[in-house]
Each structure stands twice: as structure tokens, then as C-alpha cells.
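Enquirer: Below you'll find the structure I mean.
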Amino acid sequence: MIKLSKKYCLGISFVLYILLSVCEGHKNLTCDFNDVYKLEFHPNQQTSVTKLCNLTPNVLEKVTIKCGSDKLNYNLYPPTCFEEVYASRNMMHLKKIKEFVIGSSMFMRRSLTPNKINEVSFRIPPNMMPEKPIYCFCENKKTITINGSNGNPSSKKDIINRGIVEIIIPSLNEKVKGCDFTTSESTIFSKGYSINEISNKSSNNQQDIVCTVKAHANDLIGFKCPSNYSVEPHDCFVSAFNLSGKNENLENKLKLTNIIMDHYNNTFYSRLPSLISDNWKFFCVCSKDNEKKLVFTVEASISSSNTKLASRDNTYQDYISNSSFLTLSSYCAFITFIITSFLSFIL
């Protein structure tokens, strides 16, 4: 029997544990049909091929599709992917994303060739309905010649290498802690206000409309302004007003994550950090000339031990549901580390 030294056993187990732990922390949310799920045709290929890329992101995470380049003449379907999506794998039931998944925002596109989109990205919106899949497709099409047999003439045939993008939109257990200033009953935010109703009822009252939410560690927060209002500060959640009315950089206080600033839809989202060291209040404003200001105020409470444990549990559950293979691998690596460490002392 080969006897391994303590240092060798410890070294191998430690490296394995670190490598798999690092892998667990990396979650790939890209369907890359250029370099990963390749759609190139093989020599003598005579049949179509389909490849599936399945993504299971968390809310507010970004998903990306890479489909074609200046050298790869692929086509993305629908051409307006993420503005429109299919509701099934058979390229049927085309839906507008804002109607199919309420609260959708933040589409990003990149084009390497004229009049053709090669890369699209999309932030997963808060979804209060049961989880649902959405689909886009990347295709590489080729016409081949089929040689005739028994005296029959040759014929032409189209074959398609198709990449299917399946994205599972997760479901939230509770509404986003926030304010929707466009409707009295918001489907996404915990509080809703109809600016028209408020204006009619309080036409003589010039006081601003203040909506306050109390939030804790790891909570989703956000707000929506009417389309004809502007947002102050422009980079809300990167910075915000403190109670003195001074614009302050939130990075120095809270370090919010998953920030979405969608000025096109006037919708802003973010997530509080898992640890809040001090109570903190800040606000952002929806403003319009000669109109009441619509004030979104957040009261972020200091983390208690229970809150910190709860946020850890939530993070743990997210990893289980979205990276189960890697999580299992890290457990195996950890067990390997313990066993190998023990053996190194008895060998």
C-alpha cells in the first residue's frame, strides 16, 4: 500500500475543496450558441439538430443569449427576443413579455452585423404568478443536395441546427416591498397609489405624496413612477436623498445589490444586503413640473441575528434550486477534505 504524507493529503483535499467551492459560486446564465452550444454543421450532415439551453435564474438576475457573429450567420427568433417571447418549445404562442410576465424591464441588445441582433440580455422581473417558462430560438439554416438513387434525380433539402433557449421565470412568495404610483392595486409592489385618484381627492392639498416601506436584510425593494414623471436622483439606488434632503452615495452605507434602473419604464428595483449594520432611511422622488412630488421612502432596519440567519437560509435555498450539481459537489469535496485530513493523521 502506498503511504501518502500528511502534507500531500491535506494539500489535495484543500485544493479540491477550494476549486469546487469556487465553481459553486459561479452560475452561468448565458446561452452561448457561438462557442458552447455550437450550431455549426458537420461534414456530411443530412438531418436537423436541436440543442436545449435551460436557465433557472433568480429574480433580478441577468440572462443573456449569444446567437451569431460577423462570421456566424445565425438568426434569432423572435427577432425582438425578450420584448416578445414564445410560450412553448414549438415556436408557437408568441407573447409580448410585458403582458406575459408583468413587471418586465431592462432589455439590452448588441448588433455586430447590420439589421441583425447577435446578443440580447434581460433582467428577470419579479413574478407573483406561478413560475413559467419563456422561449427564444437561435437557428443556423443550410440547404444541402441529396443525391438521387436508382436513377432518381438529386434534390435540395433545408436542414436547421436549432438552439432552444428555455428560461424559467421564478415565482415570488410575496410582493416587492415598494410603491407603485401608477395604480391603486399593484400586482408587484406592496403598496399602490393612483395618482389620478389622489389628485382629484386632494386638488387643494399641495403636500407631497409619501409612500414609506419598512425593509430588512435581503428584501427586494422598488418603485414605479408614472410615465410622464422623472426620477430624482437619476441613479436612484446607487445614490439617494437622506432625511436632510442631501444626495448621498448609498454604496458607502448599504451596498445595495441587483440594481435595476429602468428609465424607459420608470421602474426601479434593488435588493438590500444580507447584513445591515445600522438603521438607515433614504428616499427617491418621482417629480413633474407643477405637480405634487411622489416620494418613495425606505426605512432599512439593522440586522438581527434572526434576520441574518434567515437571509443565509434563503441564499442556501437558492443555491440548492439553481446549482444542485455544484452544491452536491462541494459537499463531496468538503467530506473528502475531512476524510483525507483524518487519514493523513493515521497513515
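Numbers run from 1 along the shown chain.
Cβ atoms are placed via backbone N, Cα and C, with glycine included.
Keep in mind that what you see is a predicted model, and the values were worked out from it rather than measured.
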Enquirer: Name the cysteine that pairs with Cys136 in a disulphide bond per Swiss-Prot, restricting the answer to Cys67, Cys81, Cys211.
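Expert: Disulfide mapping in Swiss-Prot sends Cys136 to Cys81.
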Enquirer: Could you pull the disulfide partner of Cys236 out of Cys211, Cys225, Cys284, going by Swiss-Prot?
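Expert: Partner cysteine, according to Swiss-Prot: Cys284.
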Enquirer: Which one is it, Cys211, Cys225, that Swiss-Prot ties to Cys286 with a disulfide?
Expert: Cys225
Enquirer: Swiss-Prot annotation: Cys53 disulfide-bonded to which of Cys31, Cys67?
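Expert: Cross-referencing Swiss-Prot, the cysteine bonded to Cys53 turns out to be Cys31.
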Enquirer: If you have Swiss-Prot open, could you say which of Cys67, Cys211 makes the disulfide with Cys138?
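Expert: According to the record, the bonded cysteine is Cys67.
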Enquirer: Which of the listed positions, Asn54, Asn242, does Swiss-Prot note as N-linked glycosylation site?
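Expert: The N-linked glycosylation site feature in Swiss-Prot corresponds to Asn242.
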Enquirer: Using Cβ atoms only, which residues of the same chain lie under 8 Å from Asn147 (N-linked glycosylation site) while being at least 6 residues apart in sequence?
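Expert: Result: Ser154.
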Enquirer: Highest CB neighbour count within 10 A among the disulfide-bonded residues Cys67, Cys211, Cys236?
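Expert: Counting every other Cβ within 10 Å of each candidate, the maximum falls on Cys67.
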Enquirer: For Cys53 (disulfide bond), write down the residues of its own chain that are at least 6 apart in sequence and whose Cβ falls under 8 Å from its Cβ; none is a fine answer.
Expert: Cys31, Phe33, Val36, Tyr37, Gly163, Ile164, Val165, Glu166
Enquirer: For Cys136 (disulfide bond), just count the other CB atoms lying within 10 A of its CB, please.
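Expert: The Cβ of Cys136 (disulfide bond) has 26 Cβ neighbours within 10 Å.
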Enquirer: Report, in whole Å, the straight Cα-to-Cα distance of Cys179 (disulfide bond) from Cys225 (disulfide bond).
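Expert: If we compare the Cα positions of Cys225 (disulfide bond) and Cys179 (disulfide bond), the gap is 9 Å.
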